[in-house]
Amino acid sequence: MLGGVGGRHMSTRRRGSSPLVRGGAGLTGYAGPGASGNSNDVAAIPPDMQRYAGRRRRAVTTSDHKSCALVQTRIKLGDIMLAAQEAAQRDPGYASQYRRRPRLAGLSFGDWTSFGGEVPGLVDMAPGRDQGGGAGGGGGGGKGTTSLFILSEDNCIRKHTRFIIEWPPFEYAVLLTIIANCVVLALEEHLPKQDKTILAQKLEATEIYFLGIFCVEASLKILALGFVLHRGSYLRNIWNIMDFFVVVTGFITAFSQGIELDMDLRTLRAIRVLRPLKLVSGIPSLQVVLKSIIKAMAPLLQIGLLVLFAIVIFAIIGLEFYSGTLHKTCYSIRDINVIVKEGEQASPCNTDNKSEAPFGAHVCDANISTCMDHWEGPNFGITSFDNIGFAMLTVFQCITMEGWTAILYWTNDALGSTYNWIYFIPLIVLGSFFMLNLVLGVLSGEFAKEREKVENRQSFLKLRRQQQLEHELYCYLNWICKAEEVILAEERTTEEEKKHILEGRKRAEAKKKKLGKSKSTDTEEEEGDDDQDDGELSSSTKEKGPCKQFWLAEKRFRYWIRKSVKSQKFYWFVIVLVFFNTVCVAVEHYGQPQWLTDFLYFAEFVFLALFMLEMFIKVYALGPRTYFDSSFNRFDCVVISGSIFEVIWSEVKSGSFGLSVLRALRLLRIFKVTKYWKSLRNLVISLLSSMRSIISLLFLLFLFILIFALLGMQLFGGQFNFDSGTPPTNFNTFPIALLTVFQILTGEDWNEVMYQGIESQGGHKKGMIYSLYFIVLVLFGNYTLLNVFLAIAVDNLANAQELSAAENEEEEEDKQKQAQEIEKEIQSLQNPKDGGAPKVEICPPNGKGGKQSSEEEKKQDEDDDTGPKPMLPYSSMFILSPTNPVRRAAHWVVNLRYFDFFIMVVISLSSIALAAEDPVWEDSPRNEVLNYFDYAFTGVFTVEMILKIIDLGIILHPGSYLREFWNIMDAVVVICAAVSFAFDMTGSSAGQNLSTIKSLRVLRVLRPLKTIKRVPKLKAVFDCVVNSLKNVINILIVYILFQFIFAVIAVQLFNGKFFYCSDESKYTQQDCQGQYFVFEDGALLPEPKKREWQSQFFHYDNVMAAMLTLFAVQTGEGWPQILQNSMAATYEDKGPIQNFRIEMSIFYIVYFIVFPFFFVNIFVALIIITFQEQGEAELQDGEIDKNQKSCIDFTIQARPLERYMPKERNSVKYKIWRIVVSTPFEYFIMGLIVLNTVLLMMKFHRQSDAYKNTLKYMNMCFTGMFTVECILKIAAFGVRNFFKDAWNTFDFITVIGSIVDALVIEFGENFINVGFLRLFRAARLIKLLRQGYTIRILLWTFVQSFKALPYVCLLIAMLFFIYAIIGMQVFGNIALDADTSITKHNNFQSFIQGLMLLFRCATGEAWPNIMLSCVKGRPCDAKAGKQEGGCGSNIAYAYFVSFIFFCSFLMLNLFVAVIMDNFDYLTRDSSILGAHHLDEFVRIWAEYDPNATGKIHYTEMYDMLKNMDPPLGFGNKCPNRLAYKKLIRMNMPVDVDLKVNFTTTLFALIRENLNIKVRRASERNQANEELRDTIRSIWPLQAKKMLDLLIPRNEEIGRGKMTVGKIYVCLLILESWRTTRFGQIESAGQPIMELQDVVVSDSRAGSLESLTHTGKRLHPPVQPVRHPSRSPSLRHSPGRPGYDHHGHYYHEGPGFSDTVSNVVEIQRHTHHPHPSQYNHRHRMRGPWSASTSPARTPSPIHHIDRGRHYGTTSLEQRSRSPSPIGGRQPPHTHQHYHRHHPHQHSYPVLVTRRGRGRRLPPTPNKPSTLQLKPANINFPKLNASPTHGSHIHVPIPAGMQHPPPGQHLPPMQPSHCPLSFEQAVAMGRGGRLLPSPVPNGYKPQPQAKQRTPRHSDSDEDDWC
């Protein structure tokens, strides 16, 4: 069937496709003249069938083009298309030929190629292709691909090798070999000094076998595929290149035993581990992850450049300030080679004389040591700023937030602590919080896009397959029906059959519904079909007669049990059981009494029995099948089986290890709660749904770690041998290497490992190259792969929220439906015959009715905040009525304008007072004074509270004082302060209990929070944070639950095993008695110390301790130490043995994946999503989205830029200006900056004097050059204009700073310390930033996100303030000790120090250690005057944990949220207009309006929009019709001078592009009003001034007012009129080539309208001369009324005039350049003059000056010639006024003359096959460039008549030599635009050239 097509092509037919099928040439079945096929067969198909065959062919061939990749490689489709078209033109009959070939009728392209030689015609058609290409069907380039020049395609060896390498078992064998090779590499243990274990020696012997196998594989592939020369050969595949490389290096290592190689080349074999990735490409979810990472690479590179730039700038600043400062340290006076340490490490010093040292610097104790410059520096000398390499590494390390505080403290020691924070804090904020979070934004955007793409693609493929099948089925059915109709016309389907069909359909529908409704979660028991089961039961009962009664009873009993099992009571009973079980597990702890142990032991059995019972009951009630349908039940069953197994096992073999973990899994049963808790359920579902992506990501991560671990083993194995022993993080064995890589991946202490790695390879002199290994690991692992976790989390959470929203909507709908049904029933009951009963509305029509009204009430309450509030109508405190004078006075005071302001001032003053207190010495004079201030402040707040209570009442009625949260807080603070003062005053014994008072006084800290209520925007951010906390509660529950589960497991595993003896040689508490000797460095005798049996600070002895420890691990701080302790843990009450149980690390790895990688990211994701939703929620009322808001924001703030240009053309100033703004000058300066940067980077520590002087003089040269640049610019622009541009001001400051700096260096630095001037050297680099377009946009967005941040920052500042004050009050008096974390650098002894400490904690630097240094029992500071060990407090735990929680989870995530919000355009569809595009508009506008008048002529506006690339402008490929239509919709008003306004144009453009309330013409006024309201509500302040500019009033665009819309409507009508009317007039049978078919210079191509709709168009013999305006202004038409001299127009018979008479006035105003302002040479220019001056050529020579002037300069012109001078000169009366010439109409006169036609030369823009027969033609606008003068059109005086239609008037010739037609056209084609320089340094984007031929405007949408 189907015309004889064989079955073997069915599959191909369904899949194959090609663009060709849709091609115009109709090639679908063409097989060339030689194709086989019997043409008589056609008769065998009935005509109907033929019709279907055609349709069938179309159905089959519209398929996805990707599936025919094979075809694309074998045949170039484009060639065939062209060949087919040529064939069609040569032989018109050919196209119909194929229809008679039934054999090929239904074949798509893919089928021909499967025939190979059967289609000779195909191959012949492709020109320039190998003729033998099709025959072999092979890869590459056809038959000619001989492998290695020897084996042809048909060679049997090659055929067999090809078969082998494509044989699946061969591929698997190779993969297995690779895995085996990796295992061998992993089994090696690396020993110091190249020693080898026996195993390693044996493994080395296997090396040669692997090499052999890989060599064989490579040879086979090379034989089969060829080596490199043709497509598809061996080395054309990236994997093969890698293999080949590995084999070659293998041979080099194998046969280079005698040669000493510096590096073991076996490292390179680790690269082969990448090969299993080939398998990966088949897994869709992995593809999403991989693709999104690869796709993100482009934007990531941009960000990478920005980060690199920041690193270079900071490194150069560091080089200038800190070079060589870290080499001084304290050396002992006794032995000058011994370093005197402070604490555990040596630290830099400044001097050993206290009087000389700056504040905060480290001074050596002069009695025992001296400060000398011999030290290599901290961290083996790697951490330093001695040269640019070290400086960049150090800066990069700071950006990763690891070890940055140590560097800060060292620089403080060396230089004093006054200024260093100014360098480090911006580095952290910009580098870490901003730059690196950008990576996250980009990745999550790409991930979401990629996932959506994959999902869409899958659904599309499904749908398409379904449609194809349906289509085929439909065709077949149609044929069958036809056949049936023909044969059995009288038979019809019987009623019974019909019934059958309908029933079938119903069943299918029911099934579909059921599938759709099934719950998306498996957490609940399947509600199995009761009736179905009963049916089965009854049938079995019937059969068994005798036991009938028993079965019936059993059935009833089972039914009852099933009911009970499904009831809520049973469910809650199980939940309570789970809860008790949880409690029992949680109370277990170290050192518990025996009775508790016994009780827990028996309780375990009881719970196990109960849970087993529950399971059996359920299985009985629901039946095994239904029971096991639910995945939760399956999980339950597994847990119970595990528990039974565990109980038996522990009886048999007690003390066994690790199985107890199974017990902990029972806690997962708590998730049963999700059955009734929707949002939690959806969260769990979304977590489960993201498992797929996460598992694939984990696989990727595992591969990554594996590769780097093997690489690390090869590089650093056996090398980490230091004086202090081998560190725990090393690369000696595979498991430890994996852990080390994993640790670096989490980012914790990666810098320490790097220092050890560099030191092991020869220290900072030789081993610096090895830092690359660690940097790549951090960049790719930590910043890229781990951020994909967050991307996945953000993505899936958004899904979960959508799920919840969708479910809520469904519920609402259901309720509504029910309500409506009830309503209907009631109506039908009530509805009497007369129908007069009233309607009853039970439920308001919109489902959210009730909710909305309450929300509106709330809103109204809130809105009243702005105005003065009316007094509440209730009596206050039952005493004061609303009319009471006291209450009225209080009300008046509280609502005074400045009352709130006054309170704000008092709050700020009291905050300052709090910060100024001295926390150490409580009775210091400063504190005494501040105390009195405090009384005053408290007094003010008390008075405020009393007044408010009098005004509002206390609590009983709505709106009273204590009904608001903020007031409650105020009251608490005031009362606490009052109570503490009372204690103070009385001095009673209670007052002695200082801690009570102190804690009461600490509450004063909350005062700053009062400001939140008073600053609306701050309150909005605060509400957002609170809301996101509400949202986070769900995840918090899941989070705490998981944390709890892990804590329970940890207690089971490590309970009581974290003890150790201070003498490391003892292992038990019994042995750890007495004393031991400690040898100190440099001490002669050992020192005896007492042995102590201690527990580690972080341990797992009970659940609470375990939770705290895990929280610390999860923040990623200090966890390697905890991991080492866990792996060393042996047995309860025994000491540690290093790496005793390495498998314990699995616990931490799993924990890390679940928590930091996943849960914490979900937190971040939730906050981000909430933040974004909040932002959008504000806009919902106005019905505009975020992007639209940011664009309107931009418009409101945008102002036109002023571009300066000297007036006198011949002045020196003008010449200087020309130089300064020229492109070469810009590039020269850029080059200087780059060279200067390189010069700055060349400095290094301990450089020779000659080198130093060379650098100094070169620096002076550069300073000189920049000074010259500055002077030139000031000369060119004038002082005022120069400083208008921010960049110039910046340049000027930089230059002045550099000059002063140079002078200081030259004439000695003694007279003033100007170190900061060195900053100016680095500042020049910043100028580089304004060059690149992408960087410019990135920076712009950066600034935007800073604008969005102030309130977020304020909130963070408040958080820091409050915590710093609490820290000062509670921990301020702890003694400083270099051995703990409370040191002179890091403490709470002043407010500033406290802030620094908190900032350090926020970046996560060793916060657990600080927390442990603040707990109870710490030594006190000497000034505090307290007993020893009485300082510190256990509040420290809550204090630090809460701070870290708020900081790292909430606050810093707000940064991330803001950044992701602002930078979403990086991954958004680039065709959507965003605020970041709008800068370009302001820039280009300035070129048309240099004086920043804010207005330009509407034709210039058209030009400008055509010159701007989409999405902002129209682009120069946009057909004019479409541009007109857009302008008509934009419809800006035009003023008297026909100019449009800047703001109005920009807003109209945005509105048109983003579709902001764009409606039909009839509804436009209403839409405008709505938009005005929206703008008033969102921008109340700006709306007053700007509203009429943004949205012009109806009066401005109504009747009698001129608008852009009206002008272009006329042009559009005119155009349509010409096409219809002219099209009917035949002119000698030859179409005339229209003006528009001539090529136009690219930039102005847009300014000529294309009028061709059909390919040929006819014109009347005479066409009026084209008007030379700047862009399409209105044209004259033949029937157009002329003008008389005074503006009265006369008619010439009915023409187009009736249609467009209302726009006649425009023509009179269309302007021309000012003739009077050019010298004679310019004035006499004819229409074709070769001058490139700004006037728009051609133009009539003589003009009349009407006194209007419009002086603008376009800076994007071809010309370098002068622009008009003297913008406001009085008009000259022109002497040529009365000499009119007959070609006043500005259209070219095209007259057809037979026999004298010439063909136009071929043109790139618009190839045209039409012929042109011109006489002398006046072509305007061939070389158009933006004008500088106003256009004035001279009307024809009344006496002049239009030329009669037949008569041809010779055009005016130019006064110099005439040009031939070809010359003119050539000149026009040469009119290319050269971008001219602009003063501001921006470069116009190069316009994309138009390549594709454009045949007509009908395909408008493809152009814009």
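Cβ from N, Cα, C; glycine included.
The structure displayed is predicted, hence computed values, not measured ones.
Residues or ranges marked as compositional bias 'Gly residues' in Swiss-Prot: 23-35.
Here Swiss-Prot flags 1751-1762 as compositional bias 'Polar residues'.
The domain 'EF-hand' annotation in Swiss-Prot covers 1476-1511.
Among the features that Swiss-Prot reports, region 'Phenylalkylamine binding' is placed at 1430-1471, with the record citing similarity to another entry. Here the region 'Phenylalkylamine binding' (1430-1471) has, by DSSP, the following mix of helix, strand and coil residues: 31 helix, 1 strand, 10 coil.
The annotation repeat 'I' is assigned in Swiss-Prot to 155-447.
What Swiss-Prot records for 30-168 (among others) is topological domain 'Cytoplasmic'.
For 188-205 (among others), the entry in Swiss-Prot reads topological domain 'Extracellular'. Note on the topological domain 'Extracellular' (188-205): mean pLDDT across this stretch is 88.
Taken from Swiss-Prot, the feature topological domain 'Cytoplasmic' applies to 445-568 (among others), supported by sequence analysis.
Under the heading topological domain 'Extracellular', Swiss-Prot lists 588-602 (among others).
The topological domain 'Extracellular' annotation in Swiss-Prot covers 650-658 (among others) and rests on sequence analysis.
Residues annotated as topological domain 'Cytoplasmic' in Swiss-Prot: 795-895 (among others).
Counting residues 6+ beyond its ends, the topological domain 'Extracellular' (915-930) has Cβ neighbours under 8 Å at 1361, 1364-1365, 1368-1369, 1372-1373, 1388-1391, 1421, 1423-1425 in the same chain. As annotated by Swiss-Prot, topological domain 'Extracellular' applies to 915-930 (among others).
Same-chain residues lying 6 or more positions outside the topological domain 'Cytoplasmic' (951-962) and placing a CB less than 8 Å from one of its CB atoms are 871-872, 874-877, 887, 890-891, 894, 945, 968, 971. The feature topological domain 'Cytoplasmic' is assigned by Swiss-Prot to 951-962 (among others), with sequence analysis given as support.
Marked as topological domain 'Extracellular' by Swiss-Prot: 1053-1141 (among others).
Panel annotation: around the topological domain 'Cytoplasmic' (1276-1283), residues 1202, 1204, 1206, 1213, 1216-1217, 1219-1221, 1289, 1292, 1879 of the same chain, lying at least six beyond its termini, place a Cβ under 8 Å from a Cβ of the stretch. The topological domain 'Cytoplasmic' annotation in Swiss-Prot covers 1276-1283 (among others).
Feature annotation from Swiss-Prot assigns topological domain 'Extracellular' to 1303-1309 (among others); the stated evidence is sequence analysis. Cβ atoms under 8 Å from those of the topological domain 'Extracellular' (1303-1309) belong to residues 1256, 1317 of the same chain, restricted to positions at least 6 beyond its ends.
Helix first, then strand, then coil: DSSP counts for the topological domain 'Cytoplasmic' (1276-1283) stand at 6 helix, 0 strand, 2 coil. Segment contact is absent for the transmembrane segment (238-259) and the transmembrane segment (303-322), given fewer than three CB pairs below 8 angstroms at sequence separation of 6 or more. Same-chain residues lying 6+ beyond the ends of the topological domain 'Extracellular' (588-602) with a Cβ under 8 Å from its Cβ atoms: 1051-1052, 1055-1056, 1101-1103, 1132. For the transmembrane segment (1284-1302), the residues of the chain that approach it from at least six positions outside its boundaries are 1202, 1204, 1259-1260, 1263, 1266-1267, 1269-1270, 1273, 1277, 1314, 1317-1321, 1323-1324, 1326-1327, 1330, 1879-1881, judged by C-beta separation under 8 angstroms. Taken residue by residue, the topological domain 'Cytoplasmic' (1329-1347) breaks down under DSSP into 17 helix, 0 strand, 2 coil. Using a Cβ-Cβ cut-off under 8 Å and counting only residues 6 or more beyond its ends in the same chain, the topological domain 'Cytoplasmic' (1329-1347) has close neighbours at 302-303, 305-306, 309, 434, 1190, 1230, 1287, 1458-1459, 1461-1463, 1465, 1475-1476, 1479, 1881-1882, 1885.
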